[in-house]
Amino acid sequence: MMTFLCTRSGRRASGVECRIAAERAYFRVRGLPVANMIGWWPRLCPVMSLALLWACSVGAGSDCKSVAIETDSRIAEQTQQRHLQALFDKYGQNGSISLEGLFNLLKGVGLDRIRKVMVHHPGNAHNHTHTHDHTHTHVDKLTAHTHPVTTKKGDMDHSVEKSDPVPKAQPDPASGKKSQSDAHHNLYMKMNQESTTALTTPSYVTRSRRTNRSADYDFTQDHASFSPSQPNVTHSNHTHHDEDTPTHQHDDHDEHEHARASLGCQNASTILQTHGMRKEASLSVKDFSFLCPALLMQIDSKSCIVHEDEDEHSDHSHHHKHHHHHHDHQHLQHPHNHTNGRGQRNTPVYIAWLGGFLSITLISLLALVGVVLIPLMNRVCFNFLLSFLVALAVGTLSGDALLHLIPHSQGHHHHGHSEEHAEEEDSLRPVWTGLTALSGVYIMFLIEHFLTLGKMYKDKNQKVQKRVDLTTEVLESEKLPSLEENDVKIEAAETNGGRALAEEEEVMLGAELYNDIDCENKCHSHFHDTVGQSDEQHHHHHDYHHILHHHHSQNHHPHTHTHRHTHSYSQQHFEQAGVATLAWMVIMGDGLHNFSDGLAIGAAFTEGLSSGLSTSVAVFCHELPHELGDFAVLLKAGMSVRQAMLYNLLSALMGYLGMIIGILIGHYAENVATWIFALTAGLFMYVALVDMVPEMLHNDASEAGFSHYGFFLLQNAGILLGFGIMLIIAVFEDRIQLDLGY
């Protein structure tokens, strides 16, 4: 009734009119004259005013005619059941949701992975630079994570350990305005998808006796719940001050020790674990209802979204105001290889130094392998082994360049996600692209090899047919010139200074009469197979036919010598060069090569253990035949075994220098390692495709005593093995880790 009296003609009555109307109504109900009750007015005025204010406040606040509306719990429960049933029909089976179904649900709402969003910041008055250190660990392991944040404002620089933020909208008591820092910029730290703090339903939802809070809630994280033995743990307590907002602390800190809200991007396994549920068990409708607040908190806090600046991916410039609260900051550790504000990497530097020194030492010891292979250097199996090693080097060099170095130089490297919901397809896309490029190289290698084998097969058939025809003609001829007459003609041609071309061509045609065994024994064009043999072992007739065959294969090269002269010239050339000159050539030529290899290995180990291992395997495989070749050259030059080993080891020291420079550049210089990877990829591709592939294609298999088909299979085995090694390292590089236990 009083609410009705407070309005007149649809408008709100004033205070005086409302009091007068209340008095008149009261006395009329009592049946008393209004004029006789004037004396009661001083006593009734305060009571009626309070009653009127109470009626207006119960109504709807500002409008006295408003009516309070209560929530229909029955409808809310029905709606909840309807939505839950829809979710269970889509992601569950037989009234329950499995772990796989929960993963699909998280994927559907965008909580399956961390998403990066490019944010463009317009002109800002102040710069606030964030640089993140991320390190990924295994699934469901709780570790500490440190975010070094450097704040620059005016001339004041301070470094704090920044916790992972939640969007804040705390009202300002003085001005009535909200802070615009996180609401305007939406800057969120990148969190671990696999390791987070404990997540429970906030107690302000379940406890009615909890004190009222402002619009944003602060959750104090407990340090004691984490293991103190975790590495790289940094705890820092700090207070943010504001001019207008008073400092407050939580009185119920003991409640938060057991009910902390997680602000990180959690996977399905972690959500179940933090709610006290087993991963093997299926979720019922009641169980799933407990997870809904946690999922809503993750969606609301946008903890699975990472914002990157369009111009600088690691530096976010924004104007930032800090709220007043005390935090005990705890973070989760990720093994990404991002750099912090000083340009240093989160990968422990001792791993880079240890891996680099071990790799360079092992590669340098390849010079000693030549000592073991000395007895095999003049045998057929040595050429067989070198052919396989050259093919293996081609596979590892090109595989490392296309599957590892180029993807890393473009920033498409693995971040070490070993959790179930990692974007495995997206992270491996550069690997499959590089594998496609490798398949193109291999297809061209096969085509060229098949063309060579086809041409050799055709020439062989034509040669056999021609030999048969010539033999038939010789047998049918009545007058066949004897071998002595041929020798006379040859001597005449020699005395005429090689002018008798017709006679020489006749002798070359006569050489076709020899069978394959005679040709192999007498008409061999290479002089390396007979190094060290005396002149008495060769007949003049054999020597001369060797000259003619070699002369014909060299297209009448003017510098044609006998086998004896060629060998003596080669030996004399090395002897005139001297040991000092040869040593200088080996140290400078091979040393520069080792320096570039060490530079690549050092930079790769600063990127990670798997990266360093991949590059080390590639360098090892191509250095093995290279070192064996250098060792053989030095021995044939007249050096002793000890001298050859010494000079090879001296050239290997350049690898240590390159490794040291590579680690220093890769670990302390920002964004330089990517350029080193690109340069190394170019060097590896050049060595593989320009130096080693031609050696494989033009290798004379008949010299080593093997068929061309056998060499073809051997070289294919080496190339495919090299490709396979690099592919395995590229695919499983996130699982290659070194844990020394401290």
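One-based numbering along the chain as shown.
Cβ from N, Cα, C; glycine included.
Sequence annotations record features per position, and here Swiss-Prot assigns compositional bias 'Basic and acidic residues' to 152-165 (among others).
As annotated by Swiss-Prot, compositional bias 'Polar residues' applies to 192-206 (among others).
Per Swiss-Prot, compositional bias 'Polar residues' is recorded for 222-236 (among others).
Under the heading compositional bias 'Basic and acidic residues', Swiss-Prot lists 239-260 (among others).
Positions annotated as compositional bias 'Basic residues' by Swiss-Prot: 316-339.
Around N94 (N-linked glycosylation site), no same-chain residue at least 6 positions away in sequence has a Cβ under 8 Å from its Cβ. Mapped onto three states, the DSSP output places N94 (N-linked glycosylation site) in coil. For N94 (among others), the entry in Swiss-Prot reads N-linked glycosylation site.
The N-linked glycosylation site feature in Swiss-Prot is assigned to N127 (among others).
The N-linked glycosylation site annotation in Swiss-Prot covers N212 (among others).
Per Swiss-Prot, N-linked glycosylation site is recorded for N232 (among others), and the stated evidence type is sequence analysis.
Residues or ranges marked as N-linked glycosylation site by Swiss-Prot: N237 (among others).
The N-linked glycosylation site annotation in Swiss-Prot covers N267 (among others) and is backed by sequence analysis. The secondary structure of N267 (N-linked glycosylation site), as reduced to three states from DSSP, is coil rather than helix or strand.
If you look up Swiss-Prot, you'll see N337 (among others) marked as N-linked glycosylation site, on the strength of sequence analysis.
As annotated by Swiss-Prot, region 'Disordered' applies to 148-182 (among others).
The region 'Disordered' feature in Swiss-Prot is assigned to 191-210 (among others).
Taken from Swiss-Prot, the feature region 'Disordered' covers 220-260 (among others).
What Swiss-Prot records for 310-342 (among others) is region 'Disordered'.
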**Prompt:** In terms of Cβ proximity under 8 Å, which residues at least six beyond the ends of the transmembrane segment (354-374) contact it?
**Reply:** 382, 385, 594, 597-598, 601-602, 605, 609, 612-613, 616, 619-620, 623-624, 627-628, 631-632, 635, 641, 644-645, 648-649, 652-653, 655-656, 659-660, 662-663, 738
**Asked** How do the residues of the topological domain 'Extracellular' (666-671) split into helix, strand and coil according to DSSP?
**Response** 3 helix, 0 strand, 3 coil
**Item:** Residues of the parent chain within Cβ reach of the transmembrane segment (672-692), under 8 Å, 6 or more residues beyond its termini
**Value:** 390, 393-394, 397-398, 400-402, 405-406, 408-411, 441, 596, 599-600, 603-604, 606-607, 615, 618, 622, 662, 665-666
**Item:** Cβ pairs under 8 Å between the transmembrane segment (386-406) and the transmembrane segment (711-731), at least three
**Value:** yes
**Request:** May I ask for the residues of the chain that lie six or more residues beyond the transmembrane segment (645-665) and have a Cβ under 8 Å from a Cβ within it?
**Result:** 349, 352-353, 356-357, 359-360, 363-364, 367-368, 370-371, 582-583, 586-587, 590-592, 594-606, 627, 630-631, 634, 639, 672-673, 676
